[in-house]
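Q: Attaching a single structure in structure tokens format; questions to follow.
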Amino acid sequence: MHEQSAALSPTPDHAHPPSRHPAQLLAVIASVCIVGFATGITVPWVSLALHAAGVSPTRIGLAAAAPAIGTLLVVPFITPWSERYTTRALMAGSALIAALSMALLAVVPLSLFPALLLLRLLMGAACSVLFILGEAWINQMAGSGSRGRLVAAYATAFTVCQVSGPAVLSWVGSASLLPLALAVASHLLAGGVLYAGFPAGVKFSGEKSFGLLGFLKRAPAVAVAVGLFAFFDVGLLSLMSLYGMHYGHTERVALLMVTVVLVGDACLQVPLGALSDRLGRLPVQIGCGLVLLFTALGMPFMMQAGHALWPWLVLFGASAGGIYTLGIIRIGDRFQGPDLVMANASVGLLWGVGSLLGPSIGGLTIDYFSPDGLMHALALLAALFLGALVWETRLRK
């Protein structure tokens, strides 16, 4: 089954395929990665600042969830906006709105908690517009023969930039406004890069042929992949250190486990993307699903396996990240124009839901099914993903 997707319609000055404009591609990748770095600083800074001010854990959790709520609220509007306004205006404008909302955090008293929530919600909505349109353009610009490597390189760069945020925060400290100033400057830089490097008249035009439900029907495996990785990235990684400590590891070693999982996620995406360019998306994605299923089920045994645990964690992180990255690559293979934006917006919506539910579901699995329930839940999601992949493949024949 093949979708009839609307095509990209640039202005006459940019009538060539987007893949012939590497400067545009570089501008989009750089801007999204810069915003990823700023997000990596801002999220922990807000939590630490609220904690230092004596704010309750419940309110800190609400502040942490506000950006995801902003994502859910803005996603339905992204596709119509992308058809009406130019990509440069939307992305650069979103970067400026995010910078303004972060700057206001410096002047709004933390005691005005509703105002803080509103700013965090606005920040999440603005960043979501930038991320969704940015990923859509990266996929649009990539040629089919190199899409795997290009999207995987972007995913790696974004992960490294996002992880660098907390590292910089640990270096400069959270007691001052310097981390917030760095985040504001990063968003302004991203907006400037977009404005200078992206043409003024280019936008997605045409009509989309499906909505969220249509995306779920067309790409059920991608939908499950997004939910799986949201659970992994937000829920499991936030609880992974507790899982390691349950097996007798020190807090330092347990935190190192999380770092190694992230290293596996970041470092092996480009090889997996290149392999998918050579062998095809489906076999590599099936391989990632099987490896994740196997490593999740084997994690309780490997926790006490000494040095063998560390390469196991690398495979664990790489396979989870590969499932998501290859899902994004397959979206670029199948959709174009407004349908591509709609597909990415659907991914953003599913990610927002997964980000809200992931920590709660992860905590419940530990409370009611022992700490190993966390890995069993991830293994179940991996099996569900493999089943959805088989079903989707049969539907398209």
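Placed from the backbone N, Cα and C atoms, the Cβ positions cover glycine too.
Bear in mind that the values here come from a model prediction, so they are computed numbers and not experimental data.
In case it's useful when we look at the structure, here is the feature table from TrEMBL:
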TRANSMEM  25-48  transmembrane segment
TRANSMEM  60-78  transmembrane segment
TRANSMEM  90-112  transmembrane segment
TRANSMEM  118-138  transmembrane segment
TRANSMEM  150-171  transmembrane segment
TRANSMEM  177-198  transmembrane segment
TRANSMEM  219-241  transmembrane segment
TRANSMEM  253-275  transmembrane segment
TRANSMEM  282-303  transmembrane segment
TRANSMEM  309-329  transmembrane segment
TRANSMEM  341-361  transmembrane segment
TRANSMEM  373-391  transmembrane segment
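Each of these features: where is it, how hidden is it, and who are its neighbours?
A: A Cβ distance under 8 Å defines the sequence-distant neighbours of the transmembrane segment (60-78), meaning residues of its chain 6+ beyond its ends; these are 43, 46-47, 50-51, 113, 116-117, 120-129, 132-133, 341, 345-346, 348-349, 351-353, 355-356.
Away from its own ends, the transmembrane segment (150-171) comes close to residues 25, 29, 32-34, 36-45, 135, 138-139, 142, 179, 182, 262, 265-267, 269-274, 321, 324-325, 328-329, 332 of its chain (Cβ-Cβ under 8 Å, at least six residues beyond either end).
Residues of the same chain lying 6 or more positions beyond the ends of the transmembrane segment (177-198) and with a Cβ under 8 Å from any Cβ of it are 23-24, 26-28, 30-32, 34-35, 37-39, 41-42, 45, 87-88, 91-93, 95-96, 98-99, 102-103, 105-106, 130, 168-169.
Using a Cβ-Cβ cut-off under 8 Å and counting only residues 6 or more beyond its ends in the same chain, the transmembrane segment (219-241) has close neighbours at 251, 254-255, 257-258, 261-262, 285, 320-321, 323-324, 326-327, 330-331, 334, 343, 346-347, 350-351, 353-355, 357-363, 366, 374, 377-378, 381-382, 384-385, 388-389, 391-392.
Sequence-distant contacts of the transmembrane segment (309-329) (same chain, six or more residues past either end, CB-CB distance under 8 Å): 135, 139, 147-148, 151-152, 155, 159, 219, 221-222, 225-226, 228-229, 232-233, 257, 260-269, 272-273, 276, 281, 284-285, 288-289, 291-292, 295-296, 298-299, 302-303, 347, 378, 382, 385.
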Q: Counting a contact as 3 or more Cβ pairs under 8 Å, with residues at least 6 apart in sequence, do the transmembrane segment (118-138) and the transmembrane segment (373-391) touch?
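A: The answer is no, given that the two segments have fewer than 3 Cβ pairs within the 8 Å cut-off.
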Q: Could you tell me what the rest of the chain brings near the transmembrane segment (25-48), counting residues at least six beyond its ends with Cβ under 8 Å?
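A: For the transmembrane segment (25-48), the nonlocal Cβ contacts are 18-19, 60, 63-64, 67, 91, 95, 98, 102, 105, 116, 120, 123, 127, 130-131, 134-135, 137-138, 141-142, 150, 154, 157-159, 161-166, 168-169, 174, 179-180, 182-184, 186-187, 189-191, 193-194, 196-198.
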Q: Residues sitting near the transmembrane segment (90-112): Cβ under 8 Å, six or more positions beyond its termini, same chain?
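A: For the transmembrane segment (90-112), the far contacts come to 28, 31, 35, 38, 42, 46, 49-50, 53, 55, 81-82, 119-120, 122-123, 126-127, 129-130, 133-134, 177, 180-181, 183-184, 187-188, 190-192, 194-195, 198.
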